[in-house]
């Protein structure tokens, strides 16, 4: 909003007068006259147009700042700020340069040489597009916040009322008129109430479960936002009343502006998810390993491209072969390609996407893919109360009526937690046999009421005050007396059928509005016979003070004695300590002043109604009939969900803007606290927590914690401290006040039904059913996904270690290159892809929610797992290189005849020194067949070790594919044997293995593809050799798993000691 945001808390100058003192003027603690003097304005005249223009130039427009988003170029660069991606990029560039160089040297550029760099570039481009799309969605929360702002305001300027002034033109000092339904356009001080009461719905900003009554009276300067009863805040809504206000803060200086700043600040501090951190760490280690191995490969082969002679003890006569140098450089690049799991980003994205689909089926809609995995290691859930743990729908939970004689009461528990009249019933209710006392309670609840309820899809939505809507639902649950039920056939389909019947029996002709002094509301009704009655509802203590009689079951009216009064107050006190908001009912038939009144403004009685100071005397000598306890009830399934969290080692903290007593009662009921537990050190207000000396220590307490009267900054601070302490924090919320903390948390969870757009846009996940237990189901799914991701990461890494071992052994032994980079890329991307993805469908462990959450700094790959896969990788290297050597040196192996194609056998010594082939005397190589091709070496026998190695290379590739398929079976469980977890527990894996083998057969037996990948078809005997060489990988890993199971206790105790030492 320009300069207004920058001037927050600085010296301000209004009206050209003296500059204001440092800090914000506390209008809430100053009376109306002081506020008018401070802002140099008169509420009758308002600001002059010239003064308004001058202030607008000084403070800027009354709108939220538009923060500059990241440029597209910066977003693109950020996508490459990832170790694995950078390694891939370097490998692709080098591959492209080498392919170009080889083409230049040979006079032609084969497309196959460019397949590898082009595929890697394609992977990086897709990865960047997905990343940029996610990033561009991040700032939508700020846009949604702007939609909450009012567009127009009714303002007094130059002594005249301007009905539709654009709200952005408001300045501090403007006089604004507010009516029912208006959205408050700025933070304002209430100057004058025109109606007897004004109530504002500000729950989305403060977290309060009820509309707040506003007053002109001053409050203490150190009041929290909920305590500023004489202030109205931008973005909130007037639900009843009419008042005149003075604008005190606009734009970014308003409370909603502060929330905007906090959201922006939180979005700047977003951290990587635990998995991203682990993958980055893995990428850094991988870079180091690749660098070392590439250097080793070059050092081992330096003798082939650099030689020298020693003269007088010093090296002389250096000979350098650039061709050989680039050849071994290509081998080093191939090694880098082999070491990088190129398919890993794609498989992780696929697995997370599958996870989001599973979660969507459980009503958890994931907006940001990495959140799926983050849920799995959540250690603390910070939950809002209103609308998350509770329904955010007021409901009557107890009805107390008078008994059959003085000094007796009847109490009934009322079921149901929503505005649905069919949700639950009244326990032990005499349906259809309503006595006179019950009928009077129902009549008052139905007629002394301005709320409405409508059905919207499967939900019931209230209009008006939530407490009044709860009373209408109670009337429906009470039903009708027989006399009225028989005669009421109309409107049977109505949601509020019973209320409608009561409205038809009596006509409302006047309303005595609620005010703070009486704490009651009354209506005067006229029956069909013309009899007038006064029906009153309000605070029980106040009604008792103005009541002289009570009505008994049989409609007998008796005097209200001290015993009856004490009994009612005792019952009231018991219900109030359970955080029930109690409303009493009373009536009066003796209304001589209104006997002939019918709403006519000329009637003498009408003058009495125009002055609210007369209401208390009209509402005197009342007949008390009963009272109800109303609350925002907890969701039925929340208690079990919190027990599940406790079993899973997840702590639940409740952070709410609601008052302390209500929040404590709800927390005891849902199991955050025990029914008789001392919670003096566990339940603090937001302000009390900010004054705690060692805040982190307070947050480390085991068990549940409660923070009531919490403002947005308190929520943010709690989340920040928990994250600093190494916790992985999930934060739930539905209001504007929750948005900054949702953005800051590791995973922000918004409510889909009751949640504001701001909360949804700031979140990582939205609950379609607003149900806390859905979070627990999502955590279970997140843990399962993480375990499955570990399975396919282990699988892919062990496969890559095998490829590295293969190339390293090839270079170390000096034999011809077994596999070319494009073959390795095919294995990493295509052949490995389906099994790795299928491992994402592994069934979850049965005890997954009875284990503590993994620490966010737990290793993705432990030392033992790394050792296991080094062993497996070494075997893969030996098997792929071994089968290559076997084909060149053996006519048969383990009884399998390999001489059918007619190829020439050489000794191992010749194979290891193939580079010296041109110096061998009498060396010749016979032609051999592969599929329909015949390979002839008459022109140059040494070509046998170049183009002639195609069959041996195909065998190596096939062994690698077969081993990796069998190795995927090993990855079904980290330590479980295939005997206890057989392959068919995950049928998708068997299907994926079939697809991968099918793809391999495709490139082997389709001539064009075989040419692209430099391979040839294999015979049946050669396939037998492949299977015999590949199968032992299962036996080796079964032995290693057995050792792992035997030593798991020892390793776990060491790990615990290590993490404990680290924590200390």
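Residue positions begin at 1 at the first shown residue.
Here the Cβ of each residue, glycine as well, is placed from N, Cα and C on the backbone.
For the ranges 967-987, 988-1008, the feature annotated in TrEMBL as transmembrane segment maps to 988-1008. As stated in TrEMBL, the feature transmembrane segment covers range 285-306 out of the listed 241-262, 263-284, 285-306. As stated in TrEMBL, the feature transmembrane segment covers range 326-354 out of the listed 181-209, 210-238, 326-354. Among the ranges 805-832, 833-860, 861-888, the stretch that TrEMBL annotates as transmembrane segment is 861-888. TrEMBL lists transmembrane segment for one of the ranges 29-49, 50-70, 113-133, namely 113-133. In the predicted model, residues of the domain 'Cation-transporting P-type ATPase N-terminal' (26-100) average a pLDDT of 80.
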